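Feature annotations, courtesy of TrEMBL:
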DOMAIN    164-314  domain 'Peptidase S54 rhomboid'
TRANSMEM  205-223  transmembrane segment
TRANSMEM  229-248  transmembrane segment
ACT_SITE  Ser233  active site, nucleophile
TRANSMEM  260-282  transmembrane segment
TRANSMEM  294-313  transmembrane segment
ACT_SITE  His298  active site
TRANSMEM  325-351  transmembrane segment
Amino acid sequence: FDPGNTGYISTGKFRSLLESHSSKLDPHKREVLLALADSHADGQICYHDFISLMSNKRSNSFRQAILQGNRRLSSKALLEEKGLSLSQRLIRHVAYETLPREIDRKWYYDSYTCCPPPWFMITVTLLEVAFFLYNGVSLGQFVLQVTHPRYLKNSLVYHPQLRAQAWRYLTYIFMHAGIEHLGLNVVLQLLVGVPLEMVHGATRIGLVYVAGVVAGSLAVSVADMTAPVVGSSGGVYALVSAHLANIVMNWSGMKCQFKLLRMAVALICMSMEFGRAVWLRFHPSAYPPCPHPSFVAHLGGVAVGITLGVVVLRNYEQRLQDQSLWWIFVAMYTVFVLFAVFWNIFAYTLLDLKLPPPP
(Lines of atoms letter the chains of each structure in order from A and count residues from 1; the text may use other names and numbers.)
(Lines give C-alpha, C1' and ligand atoms only; values in the text may rest on other atoms or scores of the structure.)
Protein backbone atom coordinates (compact mmCIF):
# COMPACT_ATOMS: atom_id res chain seq x y z
CA PHE A 1 0.00 0.00 0.00
CA ASP A 2 3.08 2.25 0.08
CA PRO A 3 5.09 1.25 -3.03
CA GLY A 4 7.23 4.38 -2.88
CA ASN A 5 8.33 3.66 0.75
CA THR A 6 7.31 7.16 1.80
CA GLY A 7 5.96 6.08 5.18
CA TYR A 8 2.50 7.41 4.36
CA ILE A 9 -0.72 6.17 2.77
CA SER A 10 -3.68 8.27 1.72
CA THR A 11 -6.63 8.66 4.08
CA GLY A 12 -8.90 7.33 1.32
CA LYS A 13 -6.89 4.12 1.05
CA PHE A 14 -6.75 3.97 4.83
CA ARG A 15 -10.55 4.14 5.08
CA SER A 16 -10.98 1.45 2.43
CA LEU A 17 -8.59 -0.78 4.37
CA LEU A 18 -10.61 -0.33 7.55
CA GLU A 19 -13.86 -1.10 5.75
CA SER A 20 -12.48 -4.23 4.05
CA HIS A 21 -11.12 -5.56 7.35
CA SER A 22 -13.89 -4.24 9.62
CA SER A 23 -14.98 -7.72 10.68
CA LYS A 24 -11.51 -8.40 12.12
CA LEU A 25 -11.26 -5.17 14.11
CA ASP A 26 -12.74 -4.35 17.47
CA PRO A 27 -15.60 -1.90 16.75
CA HIS A 28 -14.39 0.59 19.35
CA LYS A 29 -10.86 0.65 17.94
CA ARG A 30 -12.23 0.99 14.39
CA GLU A 31 -14.08 4.15 15.45
CA VAL A 32 -10.88 5.62 16.89
CA LEU A 33 -9.00 4.83 13.67
CA LEU A 34 -11.74 6.40 11.55
CA ALA A 35 -11.61 9.52 13.75
CA LEU A 36 -7.87 9.59 13.10
CA ALA A 37 -8.47 9.42 9.34
CA ASP A 38 -10.94 12.32 9.53
CA SER A 39 -8.53 14.47 11.57
CA HIS A 40 -5.70 14.57 9.01
CA ALA A 41 -6.21 17.59 6.78
CA ASP A 42 -3.22 16.71 4.62
CA GLY A 43 -4.91 13.53 3.36
CA GLN A 44 -2.16 11.21 4.59
CA ILE A 45 -1.73 8.74 7.44
CA CYS A 46 1.73 8.08 8.86
CA TYR A 47 2.71 4.42 9.25
CA HIS A 48 4.21 5.14 12.67
CA ASP A 49 0.94 6.70 13.86
CA PHE A 50 -0.99 3.69 12.65
CA ILE A 51 1.32 1.25 14.47
CA SER A 52 1.16 3.34 17.65
CA LEU A 53 -2.64 3.25 17.61
CA MET A 54 -2.84 -0.49 16.97
CA SER A 55 -0.29 -1.08 19.75
CA ASN A 56 -2.44 0.83 22.27
CA LYS A 57 0.19 3.57 22.59
CA ARG A 58 -1.02 7.06 23.31
CA SER A 59 0.45 9.12 20.50
CA ASN A 60 0.15 12.59 19.02
CA SER A 61 -2.02 11.13 16.27
CA PHE A 62 -4.57 9.89 18.76
CA ARG A 63 -4.66 13.27 20.48
CA GLN A 64 -5.34 14.84 17.11
CA ALA A 65 -8.13 12.36 16.50
CA ILE A 66 -9.77 13.42 19.76
CA LEU A 67 -9.21 17.15 19.43
CA GLN A 68 -9.78 17.60 15.70
CA GLY A 69 -11.80 14.62 14.52
CA ASN A 70 -15.21 15.81 13.36
CA ARG A 71 -16.78 12.40 12.85
CA ARG A 72 -19.69 11.66 15.15
CA LEU A 73 -19.54 8.30 16.89
CA SER A 74 -22.24 6.19 15.28
CA SER A 75 -22.35 3.21 17.63
CA LYS A 76 -24.11 3.12 20.96
CA ALA A 77 -22.48 4.46 24.07
CA LEU A 78 -20.58 1.93 26.12
CA LEU A 79 -23.15 1.70 28.90
CA GLU A 80 -25.96 1.03 26.40
CA GLU A 81 -24.36 -2.16 25.10
CA LYS A 82 -26.12 -5.37 26.07
CA GLY A 83 -24.87 -8.70 27.36
CA LEU A 84 -22.09 -7.29 29.52
CA SER A 85 -20.43 -9.30 32.25
CA LEU A 86 -19.99 -7.84 35.74
CA SER A 87 -16.32 -7.01 35.15
CA GLN A 88 -17.08 -5.40 31.77
CA ARG A 89 -19.79 -3.25 33.29
CA LEU A 90 -17.48 -2.27 36.15
CA ILE A 91 -14.77 -1.11 33.73
CA ARG A 92 -17.35 0.85 31.73
CA HIS A 93 -18.63 2.55 34.86
CA VAL A 94 -15.08 3.49 35.85
CA ALA A 95 -14.59 5.02 32.40
CA TYR A 96 -17.78 7.08 32.79
CA GLU A 97 -16.77 8.16 36.30
CA THR A 98 -13.43 9.61 35.26
CA LEU A 99 -13.32 10.40 31.52
CA PRO A 100 -15.37 13.14 29.81
CA ARG A 101 -15.30 11.93 26.17
CA GLU A 102 -16.91 8.86 24.66
CA ILE A 103 -14.04 8.15 22.29
CA ASP A 104 -11.63 8.30 25.25
CA ARG A 105 -13.82 5.95 27.24
CA LYS A 106 -13.85 3.44 24.40
CA TRP A 107 -10.11 3.61 24.01
CA TYR A 108 -9.69 3.04 27.76
CA TYR A 109 -12.06 0.08 27.71
CA ASP A 110 -10.16 -1.53 24.82
CA SER A 111 -6.77 -0.87 26.44
CA TYR A 112 -7.46 -1.74 30.09
CA THR A 113 -6.26 -5.20 31.11
CA CYS A 114 -6.37 -4.88 34.94
CA CYS A 115 -2.64 -5.60 34.92
CA PRO A 116 -1.33 -4.21 37.11
CA PRO A 117 -4.38 -3.83 39.37
CA PRO A 118 -4.91 -0.62 41.40
CA TRP A 119 -2.37 -1.74 43.97
CA PHE A 120 -1.20 1.63 45.28
CA MET A 121 -4.44 2.85 46.88
CA ILE A 122 -5.32 -0.63 48.17
CA THR A 123 -1.86 -1.11 49.71
CA VAL A 124 -1.86 2.31 51.37
CA THR A 125 -5.35 1.72 52.77
CA LEU A 126 -4.46 -1.71 54.17
CA LEU A 127 -1.34 -0.28 55.83
CA GLU A 128 -3.34 2.56 57.38
CA VAL A 129 -5.92 0.13 58.76
CA ALA A 130 -3.22 -2.24 60.03
CA PHE A 131 -1.34 0.52 61.88
CA PHE A 132 -4.59 1.82 63.34
CA LEU A 133 -5.57 -1.62 64.67
CA TYR A 134 -2.09 -2.15 66.12
CA ASN A 135 -2.22 1.22 67.91
CA GLY A 136 -5.76 0.57 69.06
CA VAL A 137 -4.73 -2.70 70.72
CA SER A 138 -1.52 -1.28 72.22
CA LEU A 139 -3.26 1.83 73.56
CA GLY A 140 -6.51 0.09 74.48
CA GLN A 141 -8.43 2.86 72.72
CA PHE A 142 -10.02 3.10 69.26
CA VAL A 143 -12.19 6.26 69.46
CA LEU A 144 -10.27 9.54 69.70
CA GLN A 145 -6.96 7.74 70.06
CA VAL A 146 -5.22 11.10 69.85
CA THR A 147 -6.39 11.91 73.41
CA HIS A 148 -4.33 9.04 74.80
CA PRO A 149 -1.21 10.31 76.64
CA ARG A 150 1.09 7.84 74.84
CA TYR A 151 -0.28 8.55 71.35
CA LEU A 152 2.31 11.15 70.30
CA LYS A 153 5.20 8.95 71.41
CA ASN A 154 4.82 6.98 68.18
CA SER A 155 7.74 7.56 65.82
CA LEU A 156 5.41 7.99 62.81
CA VAL A 157 3.59 11.13 64.03
CA TYR A 158 4.76 14.54 62.83
CA HIS A 159 5.69 16.59 65.90
CA PRO A 160 7.11 20.15 65.67
CA GLN A 161 9.92 19.35 68.12
CA LEU A 162 10.98 16.39 65.98
CA ARG A 163 10.62 18.05 62.58
CA ALA A 164 14.28 17.29 61.74
CA GLN A 165 13.27 13.63 61.41
CA ALA A 166 12.28 13.95 57.78
CA TRP A 167 10.33 10.69 57.50
CA ARG A 168 7.64 12.10 59.79
CA TYR A 169 6.50 14.47 57.01
CA LEU A 170 5.24 11.36 55.19
CA THR A 171 4.67 8.60 57.75
CA TYR A 172 2.10 10.57 59.72
CA ILE A 173 -0.52 9.25 57.28
CA PHE A 174 -0.43 5.90 59.11
CA MET A 175 -1.60 7.50 62.37
CA HIS A 176 -5.22 8.64 62.71
CA ALA A 177 -7.00 10.58 65.44
CA GLY A 178 -9.54 7.78 65.91
CA ILE A 179 -11.78 5.37 64.08
CA GLU A 180 -14.05 8.25 63.05
CA HIS A 181 -11.06 9.90 61.34
CA LEU A 182 -9.78 6.72 59.71
CA GLY A 183 -13.22 5.60 58.51
CA LEU A 184 -14.02 8.65 56.39
CA ASN A 185 -10.51 8.85 54.92
CA VAL A 186 -10.54 5.17 53.95
CA VAL A 187 -13.99 5.40 52.36
CA LEU A 188 -13.08 8.49 50.32
CA GLN A 189 -9.73 7.19 49.10
CA LEU A 190 -11.19 3.83 48.07
CA LEU A 191 -14.29 5.24 46.36
CA VAL A 192 -12.36 7.96 44.55
CA GLY A 193 -8.75 6.79 44.49
CA VAL A 194 -9.21 3.23 43.19
CA PRO A 195 -11.22 4.20 40.04
CA LEU A 196 -8.77 7.04 39.35
CA GLU A 197 -5.85 4.63 39.64
CA MET A 198 -7.55 2.15 37.31
CA VAL A 199 -7.66 4.86 34.63
CA HIS A 200 -4.53 6.93 35.26
CA GLY A 201 -2.24 4.32 36.81
CA ALA A 202 -0.40 4.03 40.11
CA THR A 203 2.38 6.45 39.11
CA ARG A 204 0.13 9.44 38.45
CA ILE A 205 -2.28 8.83 41.33
CA GLY A 206 0.57 8.01 43.70
CA LEU A 207 2.25 11.27 42.70
CA VAL A 208 -0.86 13.32 43.51
CA TYR A 209 -1.45 11.45 46.78
CA VAL A 210 2.13 11.72 48.05
CA ALA A 211 2.41 15.36 46.93
CA GLY A 212 -0.76 16.12 48.92
CA VAL A 213 0.61 14.32 51.98
CA VAL A 214 3.94 16.17 51.93
CA ALA A 215 2.27 19.51 51.19
CA GLY A 216 -0.07 18.93 54.13
CA SER A 217 2.66 18.42 56.72
CA LEU A 218 4.78 21.24 55.31
CA ALA A 219 1.79 23.58 55.35
CA VAL A 220 1.27 22.79 59.03
CA SER A 221 4.95 23.45 59.77
CA VAL A 222 4.55 26.91 58.21
CA ALA A 223 1.02 27.97 59.21
CA ASP A 224 0.38 26.08 62.48
CA MET A 225 3.88 25.72 63.82
CA THR A 226 3.18 24.32 67.29
CA ALA A 227 0.78 21.54 66.29
CA PRO A 228 1.44 17.89 65.42
CA VAL A 229 -0.09 16.19 62.36
CA VAL A 230 -1.77 12.80 61.92
CA GLY A 231 -3.96 11.18 59.27
CA SER A 232 -4.01 10.77 55.50
CA SER A 233 -6.34 13.70 54.86
CA GLY A 234 -3.71 15.62 52.85
CA GLY A 235 -3.48 12.87 50.25
CA VAL A 236 -7.19 12.07 50.31
CA TYR A 237 -8.21 15.70 49.86
CA ALA A 238 -5.72 16.07 46.99
CA LEU A 239 -7.38 13.19 45.09
CA VAL A 240 -10.96 14.15 45.86
CA SER A 241 -10.53 17.86 45.09
CA ALA A 242 -8.74 17.03 41.82
CA HIS A 243 -11.55 14.68 40.82
CA LEU A 244 -14.30 17.16 41.71
CA ALA A 245 -12.49 19.98 39.88
CA ASN A 246 -12.14 17.74 36.82
CA ILE A 247 -15.88 17.03 36.85
CA VAL A 248 -16.69 20.73 37.10
CA MET A 249 -14.29 21.65 34.28
CA ASN A 250 -15.75 18.94 32.01
CA TRP A 251 -19.34 19.12 33.26
CA SER A 252 -21.09 18.61 29.92
CA GLY A 253 -18.93 15.63 28.97
CA MET A 254 -19.04 13.79 32.28
CA LYS A 255 -21.77 11.14 32.11
CA CYS A 256 -21.56 9.69 35.63
CA GLN A 257 -25.02 9.21 37.09
CA PHE A 258 -26.35 11.72 39.64
CA LYS A 259 -23.14 13.74 39.36
CA LEU A 260 -24.60 16.80 41.08
CA LEU A 261 -25.93 14.77 44.02
CA ARG A 262 -22.68 12.85 44.33
CA MET A 263 -20.62 16.03 44.27
CA ALA A 264 -22.83 17.44 47.02
CA VAL A 265 -22.42 14.29 49.14
CA ALA A 266 -18.63 14.34 48.66
CA LEU A 267 -18.43 18.01 49.64
CA ILE A 268 -20.63 17.42 52.70
CA CYS A 269 -18.45 14.49 53.83
CA MET A 270 -15.28 16.53 53.32
CA SER A 271 -16.77 19.48 55.18
CA MET A 272 -17.83 17.28 58.10
CA GLU A 273 -14.38 15.74 58.37
CA PHE A 274 -12.72 19.15 58.10
CA GLY A 275 -15.09 20.53 60.74
CA ARG A 276 -14.19 17.65 63.05
CA ALA A 277 -10.50 18.43 62.55
CA VAL A 278 -11.03 22.14 63.35
CA TRP A 279 -13.03 21.29 66.47
CA LEU A 280 -10.38 18.86 67.66
CA ARG A 281 -7.57 21.33 67.03
CA PHE A 282 -9.09 23.94 69.35
CA HIS A 283 -10.48 21.47 71.89
CA PRO A 284 -8.55 21.56 75.20
CA SER A 285 -5.61 19.21 74.84
CA ALA A 286 -5.34 16.02 76.87
CA TYR A 287 -1.59 16.57 77.14
CA PRO A 288 -0.92 20.30 77.55
CA PRO A 289 0.97 22.31 76.47
CA CYS A 290 0.93 20.37 73.19
CA PRO A 291 -2.25 21.08 71.16
CA HIS A 292 -4.27 18.50 69.29
CA PRO A 293 -3.33 17.76 65.63
CA SER A 294 -3.68 20.54 63.07
CA PHE A 295 -6.32 20.81 60.34
CA VAL A 296 -4.08 22.76 57.95
CA ALA A 297 -2.95 19.55 56.21
CA HIS A 298 -6.44 19.33 54.66
CA LEU A 299 -5.93 22.71 53.01
CA GLY A 300 -2.51 21.71 51.71
CA GLY A 301 -4.07 18.65 50.08
CA VAL A 302 -6.79 20.73 48.42
CA ALA A 303 -4.20 23.14 47.03
CA VAL A 304 -2.29 20.23 45.45
CA GLY A 305 -5.50 18.72 44.09
CA ILE A 306 -6.66 21.82 42.22
CA THR A 307 -3.19 22.43 40.73
CA LEU A 308 -1.10 19.32 40.08
CA GLY A 309 -4.06 16.98 40.43
CA VAL A 310 -6.24 18.70 37.83
CA VAL A 311 -3.44 18.55 35.24
CA VAL A 312 -2.84 14.85 35.94
CA LEU A 313 -6.52 13.91 35.58
CA ARG A 314 -7.17 16.14 32.59
CA ASN A 315 -4.43 14.65 30.42
CA TYR A 316 -5.30 10.96 30.22
CA GLU A 317 -4.35 10.95 26.51
CA GLN A 318 -1.15 12.99 26.78
CA ARG A 319 2.20 12.69 28.51
CA LEU A 320 2.53 15.08 31.41
CA GLN A 321 6.02 16.17 30.42
CA ASP A 322 4.55 17.62 27.22
CA GLN A 323 2.31 20.01 29.14
CA SER A 324 3.50 23.54 29.91
CA LEU A 325 0.90 23.93 32.68
CA TRP A 326 2.24 20.78 34.32
CA TRP A 327 5.73 22.27 34.52
CA ILE A 328 4.36 25.53 35.91
CA PHE A 329 2.62 23.71 38.76
CA VAL A 330 5.64 21.49 39.38
CA ALA A 331 7.77 24.63 39.67
CA MET A 332 5.27 26.20 42.09
CA TYR A 333 5.21 23.04 44.20
CA THR A 334 9.02 22.88 44.24
CA VAL A 335 9.27 26.51 45.32
CA PHE A 336 6.79 25.87 48.14
CA VAL A 337 8.72 22.80 49.34
CA LEU A 338 12.03 24.71 49.31
CA PHE A 339 10.44 27.66 51.12
CA ALA A 340 8.99 25.32 53.77
CA VAL A 341 12.34 23.56 54.25
CA PHE A 342 14.17 26.84 54.84
CA TRP A 343 11.29 28.02 57.03
CA ASN A 344 11.70 24.94 59.21
CA ILE A 345 15.44 25.49 59.44
CA PHE A 346 15.46 29.20 60.33
CA ALA A 347 11.99 30.55 61.22
CA TYR A 348 11.50 28.69 64.49
CA THR A 349 14.73 30.16 65.87
CA LEU A 350 14.23 33.66 64.46
CA LEU A 351 10.70 33.88 65.81
CA ASP A 352 11.84 32.53 69.17
CA LEU A 353 8.77 30.31 69.15
CA LYS A 354 8.03 28.29 72.27
CA LEU A 355 7.30 24.76 71.15
CA PRO A 356 5.62 22.05 73.19
CA PRO A 357 8.07 19.59 74.76
CA PRO A 358 8.89 16.44 72.78
CA PRO A 359 6.62 13.49 73.52
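Using N, Cα and C of the backbone, Cβ positions are placed for all residues, glycine too.
Keep in mind that TrEMBL annotations are predicted by a computer and have not been checked by a curator.
Put simply, of 205-223, 260-282, 325-351, the stretch with the most CB pairs closer than 8 A to the transmembrane segment (294-313) is 205-223.
Note on the domain 'Peptidase S54 rhomboid' (164-314): mean pLDDT across this stretch is 91. Packing against the transmembrane segment (205-223) from elsewhere in the chain are residues 120-121, 124, 158, 160, 163, 168-170, 172-173, 189, 193, 196-197, 229, 232-239, 242, 294, 296-301, 303-305, 308-309, 312, 333, 336-337, 339-341, 343-344, 347: each is 6 or more residues past its ends and has a CB under 8 Å from a CB in it. Through the fold, the transmembrane segment (325-351) approaches residues 160, 163, 211, 214-215, 218-219, 221-222, 225, 304, 307-308, 311, 315 of its own chain, all at least 6 residues removed from its boundaries and within a Cβ separation under 8 Å.
Recorded residues His298 (active site) and the residue listed as 'active site, nucleophile' have their alpha carbons 6 Å apart, per Cα-Cα distance. Packing around the residue listed as 'active site' is summarised by its Cβ count: 25 other Cβ atoms lie within 10 angstroms of its Cβ, all protein chains included.
Long-range Cβ neighbours of Ser233 (active site, nucleophile) (same chain, at least 6 residues apart, Cβ-Cβ under 8 Å): His181, Asn185, Gly216, Glu273, Ala277, Ala297, His298, Gly301.
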